[in-house]
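Structure first, commentary second.
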């Protein structure tokens with residue numbers, strides 16, 4: 001009979017141990033659930049909404065930038081002619097020759113791009129910052145730049161197919177045929193998955209530069225204006241900060257942006273090699289065939305777009321942040 005108390009004792013020990021493991025597991029699960037519920041979803045949603053508003057408001061300027069950047073290519077007969085002398089000339093000529101709707105050629109994939117790119121970019125940027133520092137006062141330029149570069153690369157890579165279609169629709173204007181979904185399918189059927197991610201490297205490089213410059217410059221400028229007592233957390237502060245970061249972003253990103261635009265606009269043709277094999281190759285070829293300042297083609301519309309785009313975006317974003325949701 002002495003064996004039964006031993007068996008019972010072992011059984012009870014196993015049951016208590018199992019119960020302890022289960023309780024511990026529930027506690028860890030509860031902690032994890034609490035941490036997950038603590039993740040802030042607002043930067044993702046607000047970033048996407050503000051990006052869509054800013055994109056729609058500045059799209060015609062972005063279209064003229066694309067037209068200016070693709071023209072004058074001595075090694076691509078489709079865009080060899082220099083049709084536009086500048087941003088305003090391009091706006092008036094496109095309106096006169098193609099109609100007002102041509103100024104919004106590519107708006108559908110552009111808004112789709114911002115719905116994905118803008119949402120992911122701002123959400124990841126804000127989330128990464130909170131991983132490094134808990135308080136806004138502890139943020140530094142270096143930390144913000146690292147977070148900006150990472151969020152820019154991830155978001156632009158995911159949204160690349162919409163960028164490809166947008167640029168092709170902008171470049172061809174009223175000559176572009178087909179719907180947005182049909183055009184995605186056509187690119188995939190004719191050029192494969194590679195076609196949808198054509199130019200993804202310079203796109204990610206540009207995004208790393210733009211986001212890695214714009215968002216940190218905005219945050220640091222805003223922080224300085226508020227902490228120094230020059231301005232409070234007002235719309236004027238948001239305006240000055242966004243204008244400054246737009247100029248900084250345009251200066252830093254324009255050369256890569258020109259190459260990216262041309263790489264996305266070139267098509268895969270059997271028996272032909274790509275005109276530009278990569279960012280560095282594109283920059284060197286443009287410098288050689290068109291001169292150094294070709295790298296800053298479309299700079300004024302680029303800045304005049306990034307300036308108003310950032311102003312609209314950040315003011316909209318800051319106002320959304322104040323909503324009691």
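Here the Cβ of each residue, glycine as well, is placed from N, Cα and C on the backbone.
Database features (Swiss-Prot):
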- 38-54: transmembrane segment (TRANSMEM)
- 42-131: repeat 'Solcar 1' (REPEAT)
- 112-128: transmembrane segment (TRANSMEM)
- 139-224: repeat 'Solcar 2' (REPEAT)
- 145-165: transmembrane segment (TRANSMEM)
- 199-215: transmembrane segment (TRANSMEM)
- 233-323: repeat 'Solcar 3' (REPEAT)
- 240-256: transmembrane segment (TRANSMEM)
- 298-315: transmembrane segment (TRANSMEM)
May I ask which of the stretches 38-54, 112-128, 145-165 has the most CB pairs under 8 A with the transmembrane segment (199-215)?
145-165
Positions on the same chain near the transmembrane segment (38-54), where near means CB under 8 A and six or more residues out
111, 114-123, 125-127, 130, 308-310, 312-314, 316-317, 320-321, 325
Could you give the residue numbers and ranges of same-chain residues that sit at least 6 residues beyond the transmembrane segment (112-128) on either side and whose C-beta is under 8 angstroms from one of its C-beta atoms?
39-41, 43-48, 50-52, 54-55, 146-148, 150-152, 154-156, 158-159, 162-163, 166, 180, 207, 211, 215, 317
What is the three-state DSSP composition of the repeat 'Solcar 2' (139-224), stated as helix, strand and coil residue counts?
76 helix, 0 strand, 10 coil
Write out how many residues of the repeat 'Solcar 3' (233-323) are helix, how many strand and how many coil, based on DSSP.
71 helix, 0 strand, 20 coil
Over the span of the repeat 'Solcar 1' (42-131), count residues by DSSP class, listing helix, strand and coil in order.
74 helix, 0 strand, 16 coil
